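As recorded in TrEMBL, the features of this protein are as follows:
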- 39-137: domain 'Histidine kinase/HSP90-like ATPase' (DOMAIN)
- 1-20: region 'Disordered' (REGION)
- 104-123: region 'Disordered' (REGION)
- 157-177: region 'Disordered' (REGION)
Amino acid sequence: MTTSARLGADAAEARPGTPAETYAEAAAGRRFSFELAVHPRSAGQARRLTRARLTGWSVGEETCETAALVVSELVTNALVHTASRVIVCELHDDARQLRISVRDEGCTPGEPHPSPRRPEEEHGRGLLLVEAVSSAWGAQEAGSGLLVWADLPRARDGAPETGTGADGVRGHGTAWR
């Protein structure tokens, strides 16, 4: 696994004495990319790197956990359905949304799409999950491979990212652990 940036090093991080508006502008364009060698543990590595980066960016717990789910599903699809040797993941955070992109080296023709599954089937629900938790998602050709992306909405500053019901149970983001 190779990362394009050190964990904990970001041009967009707040620095003591930096005006709030300057930090807000910098935060609007935060990006982090990392490469994963194809390996059975790649999805787990992607989840850990995603959580670590988003936690470092002070992204809320629900968005962080939902992003870990999405990156895991997209990386798993690239592992299972392509002949890739390397998978590239990118997180792009701005004030309104978090975009997660996963690019593979290709081999399977056609665009990915969620397909109906019978209840007894154990596999094949990854894109259905991505579709359910994302505000938008899609795929496009990227060289010989495919880039699949998903957008997760961000809560406004100071606003909770999930509602908590009367029973104290949080929204769907924590159920994916």
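Positions of Cβ are set from backbone N, Cα and C atoms, glycine also.
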The domain 'Histidine kinase/HSP90-like ATPase' (39-137), counted residue by residue under DSSP: helix, strand, coil: 44 helix, 17 strand, 38 coil
Average model confidence [pLDDT] within the domain 'Histidine kinase/HSP90-like ATPase' (39-137): 87
